[in-house]
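Quick notes on the structure that follows.
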Amino acid sequence: MDTLFTLATLAAAIRLAIPVAVAALGELVSERAGVLNLGLEGTMLFGALAGYLATLSSGTPWIGLGGGLVAGAACGAVLALLMVVVRADQIVTGLAFTLFAVSATTYLFEQSYTIGQAPPRIPSLSMAPLVVIVLVVLAGVWFLLTRTTAGLVLSATGEAPEAVDALGYRIPQVRTLATVTGSALAGLAGAMLVCGPLGLFVQNVTAGRGWVALALVVFARWRPGRAVAGALLFGLCDAAQLRLQGTATAIPYEVFLALPYVVTLLALMVRARRSGTPAALAVPFVRGGT
Amino acid sequence: MLARILRGPDSRIGLVTVPVAAVLAALVVGGVLMAVEGVAPLSAYGEVVLGVFGRTRGLIDTAVIATPLILLGLGIAVAYRARVFTIGAEGQYIAGALAGTAWVTLGPPLPGLLLLVSGLVVAVLTGAAWAGITAWMLARFGASVVITSLLLNYVAAAGLAWAVRVGIRDPGSFTPQSRPVGDAALPDIPGTTIHLGFFFALLAVPALAAVLRRTRFGFRADVLGANPEVLAVNEARPAWTRFAVLALAGSFAGLAGFVEVAGTTERMTPAFATGYGFTAIIVALLGRLRPLGVLVAALLLAGLTVGFDEAERVFIIPSTTVGVIQALIVVFFVAGDALSRRPGRRGRH
């Protein structure tokens, strides 16, 4: 175990934490406005595929990241249309969207290369710029939420939509904007996963990281800094799992396969009950009440 | 008003129209996809229908695939009626199957029928216990059911990987897999691969319908879905009802898992987790969270899978097409349902 906590493991942990952190920050934005976006995992998948395809066709992973951002925003627009405008049940909509994304991205991916050939690898970004992006997103979300009027309106929409409505802001617009912004970040997160050191899209490449990000938002009590810290914790578990998989130890590697999810569950036990949940989370807004 | 969310409007027409329209719309989009691929959609769909109805084998396969979907869908339906949105059916299905298989392959040597029945009981209890973790985390820590149940799926998947590699591995096998279930195998209808589990599933439909309609539990589940405070006012603790619906969903999933091992695969391999637990969410929603609806939806989705499998042999269609169509069905269903229920004139005019 003493070889576990080396600089290489730490680097791997940061690498694995990056997409989770960005997705969690995105989800945090939409949840602060009262939209529980369970389509996060699906949005990440679309972002990952878009990032892969955009890099493949342009040869530049930076364009891939842009592709992920745009694809995520598009997913957010669809989700907002369903959840905010049509007011479909947020939980069912998010689930349905993620189920759809798993099939649709696999289908589209298979269309993108000749069957029988290995899918081409894409040039990948090194870690440093990705870390910078995480820090920029973190600073941006923090600044938005704590230092701007827009952020104040956003958070108030998740807490007391009636009051915000009375002030003359349009709740559906605020929530749509928050969902699109949050989803764009989730799409970016997916693209960062693929355009980073991985350099490849595979079926279900996100492997539940969107769900982990959702859990992290609860764990972080809707605070941006804590969400990133939580993502790092997840990354550490994931890195340990990868590191120990090859080595013959008394502990089967499957234990470490399950570890990030178990740790997330444990984290939920510690944090879930405490306050911080936006009061109007997942509650559709109807002017004048239902 | 909340009582009608998900379960559909009161009118019989709206109840069926939206799911049917969603299926048709998804098939149309699927047809467009195939046309883009250079396959004539109508002939492809003709082959899909022929693949199911044109031969006995198609109907048999449909029944076999529908079996776990019906059982899983019934459990999910009850939970969703209570607005307990579990997505942990996949994990409960794996956990139940694993425990049942471990019992019948490593447990005491029991005579055939006793082995089968005890295996079923172990699987059901394990499924319920696995779902119980979610229920406990909700009751004790207020942790979201959606998230905890989903995270537990990954834990169960890791458990499956370990169990077939080490825990319940067949020592005589080169690849990781369990021993065959042997005497615990469910009998088939002679000459077919339809096993007794299909009849369990068929029997479970009216049984669950009766429970939902006539028992206090069924009533409480629906009240919980409509308004938990009403339940609390009537001195029935919402937490207990949530626990009960989750345990019931887990039981059905565990049963589905064991029935699949004992009836179809006869041993467990790393490929046991095929995503039935997720398809069953579509089944439950499309079936309007009603037992009979679940039966119809499960047969429909199973039939689509079988039919497309056959059509793929004739046409060059990507094997993931049917998955896209199934996923489109649920997206269109959710959108259509919300649109049809939208308070049109009340809001602004």
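From the backbone N, Cα and C atoms, a Cβ is placed for every residue, glycine too.
Automated prediction, rather than curation, is the source of TrEMBL annotations.
Because the structure is a prediction, the values reported are computed rather than measured.
Per TrEMBL, the listed range annotated as transmembrane segment is A:33-55 (candidates: A:33-55, A:148-170, A:171-193).
Looking at A:91-110, A:211-230, the stretch flagged in TrEMBL as transmembrane segment turns out to be A:91-110. Between the transmembrane segment (A:62-85) and the stretches A:33-55, A:122-145, A:250-270, it is A:33-55 that has the most C-beta pairs under 8 angstroms. Listed by sequence, the residues of this chain that lie at least six past the ends of the transmembrane segment (A:250-270) yet keep a Cβ under 8 A from its Cβ atoms are 208, 212, 215-216, 218-219, 230, 233-234, 237-238, 240-242, 244.
Sequence-distant contacts of the transmembrane segment (A:122-145) (same chain, six or more residues past either end, CB-CB distance under 8 Å): 11, 14-15, 18, 21-22, 25, 28-29, 32, 52, 55-56, 59-62, 64-65, 151, 154-155, 185, 188, 192, 194-200, 224-225, 228.
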